[in-house]
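Visitor: Before I ask anything, here is the structure I am working with.
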């Protein structure tokens with residue numbers, strides 16, 4: 001039996017064509033996406049689909065989700081499911097608000113990291129130290145963090161100018177800067193309205209102007225996470241305890257230690273995501289996280305537990321969210337067409353492998369085109385759903401073979417090796 | 001390269017108790033450097049415990065460990081590794097989603113880092129011992145034999161001079177076993193010492209330089225395999241004369257109990273058909289053996305008859321067509337089933353024995369009263385099975401995982417025989433089971449056969465197949481390609497028939 005299963009797996013592995021994300025492939029894909037957007041702009045006249053403002057808004061929307069997801073990635077790579085990201089993020093927003101209004105945003109960031117890490121530490125003690133079910137502990141942390149933040153905010157902010165039980169006094173945000181040379185040049189090209197070139201320039205401008213150091217750090221953390229987890233011995237050990245803790249222990253790796261470290265880092269990253277929200281709105285507010293911790297977790301899962309996939313997922317979410325915020329109805333309406341094209345491409349790619357799925361996506365594409373033609377704008381009630389719906393749809397279609405860390409979510413007890 | 005009479009490892013008077021069990025009691029083993037030393041014994045005789053003690057996983061209650069003449073005290077595997085001892089566990093300790101390289105360097109990154117130097121070192125080791133393993137492949141994509149080589153590489157990479165292999169052949173097919181033995185001889189030639197645990201005596205005799213026999217936690221003796229036969233070894237292991245699988249007189253009646261007609265099964269993954277037009281009858285009191293190299297459709301045949309896979313064709317139990325029945329209904333109709341992989345299909349490893357006794361028979365007496373589980377009935381009946389089938393366990397509240405493989409299997413056999421089955425499907429009923437339990441299981445099958453049970457027997461053990469069966473069908477690539485007479489056929493002839501080299505008349 002097992003030999004036939006293995007044979008089948010081997011067969012499946014060889015038939016699935018693997019496209020390695022090398023630089024040429026990534027750049028080509030990016031160029032393709034920009035070309036599509038440029039075409040879309042010309043065809044539909046929705047100017048905001050590739051404007052620098054949209055890109056900036058996209059980053060603002062994407063980064064908190066991405067950072068929370070990155071926190072989830074650290075925890076789950078070490079084998080601990082972290083549904084408590086939301087709570088850790090709440091702790092981060094409180095820490096950033098509390099320290100931020102008194103000593104400035106950088107202190108806010110430091111305390112957000114600290115508070116997030118503390119919440120992460122609690123999760124680690126519960127799940128790793130005491131073997132509590134990961135979901136139970138994570139949900140408990142979400143509930144406790146919400147209550148704790150409300151209570152502490154009442155104590156800390158009431159009576160201060162601009163502060164109250166649900167809101168902190170103003171936090172002075174970090175100053176922004178433009179990348180010298182690049183941002184201005186891109187801006188002037190973007191003004192020219194040249195097909196493709198101006199679209200590209202608009203995106204470049206959005207990526208290089210009015211940045212904060214925090215944004216840069218956030219983006220660099222993705223690269224750093226990839227490098228640490230996949231290129232260092234420390235990362236190998238973290239991943240090994242998430243894949244096969246028994247094997248790791250039999251080789252003298254301290255399973256508990258690496259799980260503790262990873263979950264605490266996870267909390268700190270979620271805290272940082274909270275700090276980013278505070279920096280963005282210059283204030284701590286109750287309910288500020290708005291479920292971003294969960295969305296981050298979902299983006300991480302659809303991103304196949306990899307930083308690149310997570311970045312793509314949260315970027316997509318941020319982009320559609322930005323479209324919705326800027327010229328909602330019109331841009332989202334234009335997006336319908338893009339989605340239809342993507343579905344057709346996907347359907348063609350799948351046609352030989354899975355006919356039914358291909359037909360379903362073709363049918364959905366036709367439906368979208370019809371919708372695009374008979375309407376001029378999407379009603380405001382529906383645009384709010386766009387980011388969720390698009391991200392869900394695209395990621396669900398493109399992430400067909402998810403592979404989570406093998407021992408993810410399982411409680412490991414020391415001495416189980418052998 | 002090394003003096004053959006130097007002592008690599010000496011274990012003296014090792015004792016180890018667990019709650020309710022004495023695993024080791026005054027065990028003495030002396031291993032010469034540069035040899036392959038086999039430790040044999042029944043399942044549960046204490047071989048694995050002994051090796052875990054030597055590898056520092058468990059601490060002995062008494063006794064001493066000497067490595068290269070120096071007395072050692074191991075607190076963890078790291079201490080054992082530092083002393084040059086490495087262990088390959090029976091169940092591989094590999095992370096599937098990591099590459100070979102990552103699995104090998106894990107925990108030993110200080111030696112050669114985790115990059116190109118490590119890769120070079122692994123290539124060196126791999127070619128020095130003829131392993132031929134690519135360091136950058138995912139372990140997930142490797143076959144069982146290669147995985148085992150990765151395990152051995154892990155040990156070699158850490159500079160081990162003494163390697164413990166816990167039942168290394170249990171998971172391998174015959175050809176892989178040969179390759180492993182070739183690897184072991186290579187290790188020996190390089191002056192390494194191999195400690196080899198097994199209960200497959202032919203293999204032990206083929207590869208070992210010394211054999212130490214352990215029975216019920218004590219060393220019986222150490223013998224020279226050149227002057228010992230498998231039968232003598234087996235008797236030393238069991239401590240008494242051995243039974244053989246052969247059945248006495250024929251008890252075959254002319255009442256057909258199971259009739260399979262044109263059973264076909266396509267591969268859901270689109271490969272070659274798994275079963276093609278399989279037809280046969282089994283009469284009451286008959287044991288029908290299916291011979292075939294593993295992976296030729298036997299597992300699928302069993303699962304089709306059990307209703308676990310949807311196949312075309314008809315399956316009739318007695319006069320009743322059961323083709324459309326669910327697995328549960330088939331079981332209730334009196335089909336007993338000994339699955340080939342007891343961990344995947346036969347047992348809930350973390351459930352107590354009495355719950356395992358209900359498994360698959362939860363709708364039948366004595367396990368239920370109306371819609372409820374009859375705890376008392378099930379527990380009493382488990383006690384009966386434990387006594388009647390000699391399941392060695394501290395209590396029926398012990399989890400199945402805590403039992404040795406042979407005792408787990410005896411529990412399953414006991415359970416399947418308890419529902420008064422009319423048909424028993426036995427897939428590798430004695431796989432991974434020691435000789436004592438094997439004999440007991442054979443006896444139970446023979447007794448039931450005498451009472452009119454029809455048995456479908458699948459086994460890779462050709463002696464068992466020939467000894468127990470009243471008739472044998474050979475299966476090749478999902479087809480029944482011919483039958484042989486177990487009265488006259490030899491294992492060699494049967495073996496060549498299984499590979500398609502022609503069926504003897």
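Any Cβ shown, glycine's included, is placed from N, Cα and C.
Quick paste of what TrEMBL says about this protein:
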{"type": "TRANSMEM", "residues": "A:21-43", "note": "transmembrane segment"}
{"type": "TRANSMEM", "residues": "A:55-73", "note": "transmembrane segment"}
{"type": "TRANSMEM", "residues": "A:80-99", "note": "transmembrane segment"}
{"type": "TRANSMEM", "residues": "A:105-132", "note": "transmembrane segment"}
{"type": "TRANSMEM", "residues": "A:139-159", "note": "transmembrane segment"}
{"type": "TRANSMEM", "residues": "A:211-230", "note": "transmembrane segment"}
{"type": "TRANSMEM", "residues": "A:260-278", "note": "transmembrane segment"}
{"type": "TRANSMEM", "residues": "A:332-351", "note": "transmembrane segment"}
{"type": "TRANSMEM", "residues": "A:358-375", "note": "transmembrane segment"}
{"type": "TRANSMEM", "residues": "A:387-404", "note": "transmembrane segment"}
Visitor: Determine which recorded stretch among A:21-43, A:80-99, A:105-132, A:260-278 has the most C-beta pairs below 8 angstroms with the transmembrane segment (A:139-159).
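Guide: Comparing A:21-43, A:80-99, A:105-132, A:260-278 against the transmembrane segment (A:139-159), the winner is A:80-99.
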Visitor: Same chain only, please: residues at least 6 beyond the ends of the transmembrane segment (A:332-351) with a C-beta under 8 Å from a C-beta of the stretch. Say none if there are none.
Guide: 36-37, 40-41, 43-44, 46, 49, 320, 323-324, 357-359, 361-362, 364-366, 368-369, 371-372, 375-378, 382-383, 386, 390, 393-394, 397-398
Visitor: State, in range form, which of A:55-73, A:80-99, A:105-132, A:260-278 has the highest count of Cβ pairs under 8 Å to the transmembrane segment (A:211-230).
Guide: A:55-73
Visitor: Quick one: do the transmembrane segment (A:260-278) and the transmembrane segment (A:21-43) have at least 3 Cβ pairs under 8 Å, skipping pairs fewer than 6 apart in sequence?
Guide: no
